[in-house]
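What TrEMBL says about this protein:
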{"type": "TRANSMEM", "residues": "21-44", "note": "transmembrane segment"}
{"type": "DOMAIN", "residues": "28-185", "note": "domain 'Cytochrome c assembly protein'"}
{"type": "TRANSMEM", "residues": "64-84", "note": "transmembrane segment"}
{"type": "TRANSMEM", "residues": "96-114", "note": "transmembrane segment"}
{"type": "TRANSMEM", "residues": "134-150", "note": "transmembrane segment"}
{"type": "TRANSMEM", "residues": "162-182", "note": "transmembrane segment"}
{"type": "TRANSMEM", "residues": "202-225", "note": "transmembrane segment"}
């Protein structure tokens with residue numbers, strides 16, 4: 001019995017049908033998990049003794065902030081693979097991830113402002129973590145704009161890869177900013193070696209919502225990369241055969 005050759009999915013030709021099959025399943029999982037996580041956070045988790053119910057913004061803010069950073073690292077990883085091995089699919093995956101990462105970064109900033117107003121008395125302060133998260137949004141938008149500005153897709157891939165890899169230095173700045181500088185932003189409620197500073201139901205709400213956001217990111221990225229493959233490979237013989245079969 002021969003083992004499956006997983007490397008064949010590194011080709012746009014073979015990955016596109018796989019993405020079409022997986023995206024709906026991850027979309028359904030995202031809907032269920034996000035709804036469950038928010039239900040736990042909004043209805044089951046107890047009221048915070050200091051902040052009251054306003055802290056419940058955390059159940060969207062924290063998972064979105066995590067996703068904004070993690071997706072950038074994944075995007076930069078695909079960019080590195082594309083530069084080192086000159087793989088077309090890696091660059092396409094990075095291009096597909098950027099809009100999703102930008103959305104999560106924007107959600108983190110907006111929910112942070114909504115949380116900051118009652119907590120700090122201001123919608124925005126030039127705090128180290130807030131500022132570095134805003135820079136992350138500009139990095140995502142710059143990646144998207146740079147790719148759109150260069151007509152040749154392969155040149156655009158290389159230019160955007162350099163931008164993404166330079167910008168990855170911002171991720172540890174975001175994460176460790178509350179430890180390196182004096183900031184208004186609270187420290188991590190959950191982190192390596194710091195334990196958990198929340199009840200079990202609070203933790204469950206955050207974790208389940210995070211899994212839901214992950215499922216959404218996978219579903220949306222798979223749909224987007226499939227569209228990118230179709231656009232870039234429209235002149236390829238395999239794409240022509242698929243269109244003829246569909247007709």
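Every residue gets a Cβ built from N, Cα and C, even glycine.
Curation plays no part in TrEMBL annotations; they are all automatic predictions.
Quantities reported herein were computed from a predicted structural model and do not represent experimental measurements.
In this chain, the transmembrane segment (64-84) touches the transmembrane segment (134-150); three or more CB pairs sit within less than 8 A of each other, excluding pairs fewer than 6 residues apart. Only residues 6 or more beyond the boundaries of the transmembrane segment (202-225), in the same chain, are considered here, and those with a CB under 8 A from a CB of the stretch are 15, 19-20, 22-24, 26-27, 29-38, 40-41, 44-46, 58-60, 62-64, 66-67, 71, 89, 92-93, 95-97, 99-100, 104, 190, 196.
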